[in-house]
Structures are given as C-alpha cells and as structure tokens.
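Quick look at what TrEMBL lists:
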type	residues	note
TRANSMEM	A:38-57	transmembrane segment
TRANSMEM	A:98-120	transmembrane segment
DOMAIN	A:98-310	domain 'ABC transmembrane type-1'
TRANSMEM	A:132-155	transmembrane segment
TRANSMEM	A:183-208	transmembrane segment
TRANSMEM	A:229-251	transmembrane segment
TRANSMEM	A:296-314	transmembrane segment
Amino acid sequence: MLKSPASDSTSAPINRAETKAKIEASEKAFSLNAKDKYYALLFLGPSLLILGIFIFYPMFKTLYLSLFLTNTVGKPTVFVGLSNYINLLTSADYLNSLAVTMVYVLAVTALTIALGLLLASLASKKIAGIGFFRTLFSSTMGVSVSVAAIFWLFIFNPSTGFLSLISTWLHLPAIGWLTDPTWAMVAVIITTVWMNLGFTFLILFGAIQSVPTTLYEAASIEGASSRFQFFHITIPSISPTLFFVSIVTLIDGFKSFGLIDLMTKGGPTNATNMLVYRIYKDAFYSGNFAQASAEALILTVIIALFTLLQFKVLEKRVNY
Amino acid sequence: MNVVAKPKIAKNVWNYLLLSVLALVVLAPFFIGLWTSFLPTMQIAKGNFLSTDLSFQNYVDAFTQTPILHYLGNSLVISTVTMFAQLLFCSMSAYAFVFLDFKYKRSLFVLVLATMMLPFEAEIIPNFSTVKAMGLLNSYSVMIIPFLTSAFGIFMLRQSFKQMPAELKEAADIEGLGHLQFYWRIVMPYNRISLITLGAYSFLGAWNQYLWPMLTTFSNSFRPVQNGLRQLQSEETFNDWGMIQATAAIVVIPTLIVLFVGQHYFKSGANEGAVK
C-alpha cells in the first residue's frame with residue numbers, strides 16, 4: 001500500500017548528481033540533523049495535531065462505536081461485534097441506499113466526463129473568440145451548492161417552475177420533477193453534472209492543450225479525419241487525466257450531501273437517500289449512532305478504495 | 001482558392017453554432033435565475049415568466065429583510081482565515097517533508113497521505129462530540145479549526161517544493177540562511193503559483209462547506225452563506241421566488257467575477273499541481 005510515496009525518499013538514489021548531493025548532505029548531517037528534529041516538530045506539529053484530532057482519532061472512534069449498541073447521546077453500551085454491519089447489509093433499506101448512490105455516482109461521472117470532454121475538445125479549436133467560450137464553459141465552477149440548488153429548484157418547481165411553464169406552452173404532459181422517484185433522481189443528477197462541468201472542463205481542456213501538436217500535424221498529413229484524431233490521438237494522450245477526473249468525480253459523488261438536503265431530502269420514498277444523507281439522518285435525527293457509525297465506516301472503505309486507485313495512477317504520473 | 005475556403009467557412013459556422021448552443025445550455029440556469037430575480041414574485045407565481053414588470057425590488061428586499069450580507073460576511077471570515085491557515089500549515093509541513101531530515105519522515109508522510117483516503121463526511125459523529133466537548137459549537141472556530149490544514153495541500157506543495165532547483169538550497173546554505181529564513185524568503189516566493197492555487201482551492205472548499213456548518217451552527221450570527229440560503233428557503237420567504245433568486249444572484253455574482261479574474265492563475269496552477 002502506498003508504495004511509491006514511501007519509496008521516494010532519501011534511500012533511493014536516482015542519478016549521480018543526486019547521490020553526490022546526498023553524500024554532501026550526510027556529511028553535514030551531524031551538525032544539521034540534530035537541529036532538524038526541532039524544526040520538524042515546529043513545522044510539522046500543527047498539521048499532525050489537527051489531522052490526528054479530526055481525521056485519525058474519529059476514524060478509530062467510528063470503528064469502535066460501530067461495534068457497539070449506543071444510547072441516545074451516543075455512548076456505547078453493549079458490545080455487539082459485527083452485528084451492526086450484518087443488520088445493515090441485510091436491510092433492504094440500506095441496500096436501496098447503496099444502489100441509488102451507485103446509480104447516481106455512475107450516471108454523474110459518465111455524463112460529467114462525456115460533456116466535459118465535448119466542451120473541452122470544442123474549446124480547443126483554434127478559431128477567433130474561442131477564449132470567450134472557454135470562460136463561459138468554466139463558469140459553473142463559481143457556483144456553490146446552495147446557489148445551484150436555488151437555480152435548479154426553480155427550474156424543476158412543479159407549479160411555477162421553468163420546465164413546467166415550457167411544458168404548458170408546448171402542451172406536453174407535466175413531469176413530476178422532484179415528486180416522482182425516478183425523475184427526482186434525474187433532477188439531482190442533472191444539477192450535479194451542471195455543477196461539476198466547469199471544473200471538469202478546465203482540467204480536460206488543460207490536458208488537451210498539452211498534447212503535442214506534432215501528433216495532430218502528422219495525422220493530418222496522413223489524411224486522418226478529425227474524428228479519427230480525437231479517438232486515436234486526443235483520448236489516449238489525455239487518458240491519465242481522464243482517469244484522474246473520473247475518480248475525483250466518483251469520490252465527490254459518494255460524498256454528496258448538500259444537494260440532496262437542499263433538493264429532495266432523500267425522497268421521494270428514499271429514491272435519493274444516499275449514503276452521507278443517511279448517516280446524517282440515522283445519527284442526528286434517529287439518534288442511532290452505532291448504526292450510523294457502521295454506515296460511515298462502509299463509506300470510508302468505499303472511498304479509500306477509489307483513493308488508493310487514484311494514488312496508483314498518480315504515482316506513475318507525478319514526478320517523485 | 002475559393003474552393004478551399006468555402007468548406008472552411010462552413011465548418012467554422014458550424015463550430016460557432018455548436019459552441020453557442022452549448023454555452024447557452026450551460027448558462028441557462030444563470031439566465032433564468034437572474035431574470036426571475038428582477039420579476040415580482042406575484043408574476044412568477046402566475047406563470048408570467050415573460051412579464052416586463054422588471055425592478056430591483058427583490059434586491060432591496062433581500063438586502064433589507066434578510067441577513068444575506070451577514071451570511072456573506074461570515075463566509076468571508078471563515079474562508080479567509082481557513083485559506084491563510086492552510087497556506088501556512090501546509091507549506092510548513094511540505095517544507096519539513098522536503099528540506100528537513102528527521103526520524104520517521106517516510107512513515108509520517110505515508111500517514112498524511114493516508115488521511116486523504118478518509119472522508120470528513122464519514123467522521124462527523126466523533127467530530128461533533130469533540131467540538132461539543134471543546135465548547136466550540138456555534139462559533140467561527142468550529143468551522144475553522146478542523147480545516148486548519150489539509151493532507152491534499154501538504155501533498156500538492158510537497159510536489160511543488162521538490163521541483164525547486166537544488167542550487168537554491170545550496171546557495172542558501174552558503175549564504176548561511178537558516179531553515180526559517182530559507183522557508184520564508186526563498187521557498188514561499190518561489191512557489192507562489194502553487195500557493196495561489198492552493199489558496200483558491202482552500203478558499204472555495206471552505207466557502208462550499210455545507211454539512212459541517214449545518215451540524216455545528218444554529219444562529220444567524222455565525223451561519224455561513226450556504227446554510228444561510230437554506231435557512232431563508234425554509235423560513236417565511238419560502239415561496240418568495242423573486243427574492244430567493246435575488247439572494248442567489250447576490251451570492252454568485254461576486255464569485256463569478258473573482259473566478260473570471262483569477263482564472264488565469266487557477267488554470268495554470270490546477271494543471272501544474274494536481275494532474276501533471
């Protein structure tokens with residue numbers, strides 16, 4: 001696990017110059033290292049303290065709580081081993097939450113990447129005024145979760161909303177956005193994709209810009225169509241970035257809370273009751289801290305797996 | 001020549017058409033929101049979306065009848081302090097991992113990296129007990145202290161510091177600069193683009209916090225803007241769409257301006273630090 005970050009440091013000489021520098025450094029080491037220790041404490045201490053209190057300790061505490069039954073103020077009472085987990089993984093309600101989260105995360109990631117890629121490749125065309133479009137395409141990056149929720153809640157509003165007006169004008173049947181289980185999910189997905197688009201566009205655009213132009217020139221001479229160039233030059237060249245953005249979008253999707261709370265409150269009939277919203281409800285509404293802790297740990301495992309996957313790819317790309 | 005030029009023009013027209021349609025789709029929610037923010041709620045309720053009865057009344061109401069400015073002020077304080085704290089503590093930690101020699105350096109770095117795998121959202125239960133025990137509930141500090149540093153920031157700055165030319169450190173050693181001086185006078189200015197990028201990330205991150213402030217603040221004096229907007233919707237103003245859209249516009253317009261102005265830095269930095 002995490003092999004590369006660990007293996008980068010002082011013991012692995014990469015080239016001669018670095019080895020030489022290291023020998024010199026170790027010659028000085030006797031006088032410097034003693035002091036370095038105190039500087040390390042000063043420089044690293046605050047960060048380690050904060051990470052310890054608010055990231056490490058709570059993870060172990062969550063694990064601990066998840067193995068007990070808890071009373072209404074969250075104090076552990078009876079040790080129950082894994083039964084909180086067994087109860088969860090056999091409960092149709094929780095499995096539904098897992099399933100809707102998966103649907104949401106996969107749909108959001110696929111649509112964000114596809115649309116981001118479309119915008120980024122169009123914005124890479126060298127035509128006059130393209131900079132203006134780039135700015136517009138990245139604009140949703142400046143939208144926070146509650147502003148996005150207000151915009152889209154109005155658009156989806158069943159009585160006076162923009163879409164209901166359109167469907168009235170066009171004499172189309174009204175869609176129960178936010179009140180119908182399926183459409184509520186669609187509405188939340190659309191809003192999330194819209195919010196993600198600005199950031200994804202910028203990152204993918206940056207990646208496309210860094211593809212060597214000689215590749216395209218050579219392909220043009222060979223008479224390759226722009227469609228061929230997109231699939232055989234652009235996509236392979238930016239695949240590490242595509243992967244990186246996909247994982248980031250995926251992880252953000254699993255952590256989704258704000259939009260759910262603002263738009264659907266997990267409803268209708270649990271159709272959008274995703275993992276984080278559930279943890280919040282079970283802990284702070286129902287007072288079932290033990291079960292919520294088990295849910296939190298399952299979420300941690302899911303996200304940790306995807307983050308590890310991301311590190312694996314990063315380690316190939318990042319210059320250690 | 002004409003024969004060659006024509007398809008090219010046709011192709012450009014097609015490109016501009018496609019770009020414009022997509023820009024319109026992306027911007028539609030802004031336009032709809034902005035337009036309704038100028039309409040009286042009465043007209044919106046009646047479905048008179050194309051009413052020409054436009055005015056700034058919703059904005060006047062938003063400023064005078066809601067604490068929207070106070071919410072914005074709270075968010076500004078929280079995000080600014082969080083940003084500077086992260087710039088300081090992340091850069092100090094990154095410095096230690098790059099320029100200092102000490103025991104357990106590798107293990108500590110792996111430990112910091114490992115925290116990137118642990119979502120804060122999954123740790124709210126013990127963290128809530130912790131800040132409650134510390135007596136921090138309903139204050140600015142409760143929204144700042146857990147985010148004084150970030151594993152991502154440490155990682156990103158470490159990558160950046162590692163790419164500094166070795167001659168800089170050698171020259172500093174010859175000049176007799178101590179670690180504090182080298183850190184503050186050489187390393188920090190040299191890595192300003194990465195620092196600006198991290199600053200933007202941490203500011204936006206704090207600005208967009210939602211779940212944690214919702215759990216830990218219960219009064220308008222400390223409520224940040226994200227939760228403030230939710231509060232307005234759940235209060236008596238619930239169906240006052242005109243005013244709600246005005247509050248959304250008040251929140252989003254400054255962010256968009258900052259984004260467009262700062263985009264140059266953000267773009268180059270984002271590619272440099274995160275995904276290169």
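A Cβ is built for glycine as well, from the same backbone N, Cα and C atoms used for every other residue.
Per-stretch counts of Cβ pairs under 8 Å to the transmembrane segment (A:229-251) identify A:183-208 as the leading one among A:38-57, A:98-120, A:132-155, A:183-208. Of the candidate ranges A:38-57, A:98-120, A:183-208, A:183-208 contributes the most Cβ pairs within a distance under 8 Å of the transmembrane segment (A:132-155). Residues 100, 103-104, 107-108, 111-113, 115-117, 119-121, 123-124, 134, 137-143, 145, 148-149, 152, 156, 175-177, 234, 237-238, 241-242, 244-245, 249, 252-253, 256, 259-260, 263-264, 267-268, 271-272 of the same chain lie 6 or more positions beyond the ends of the transmembrane segment (A:183-208) yet place their CB under 8 Å from a CB of it.
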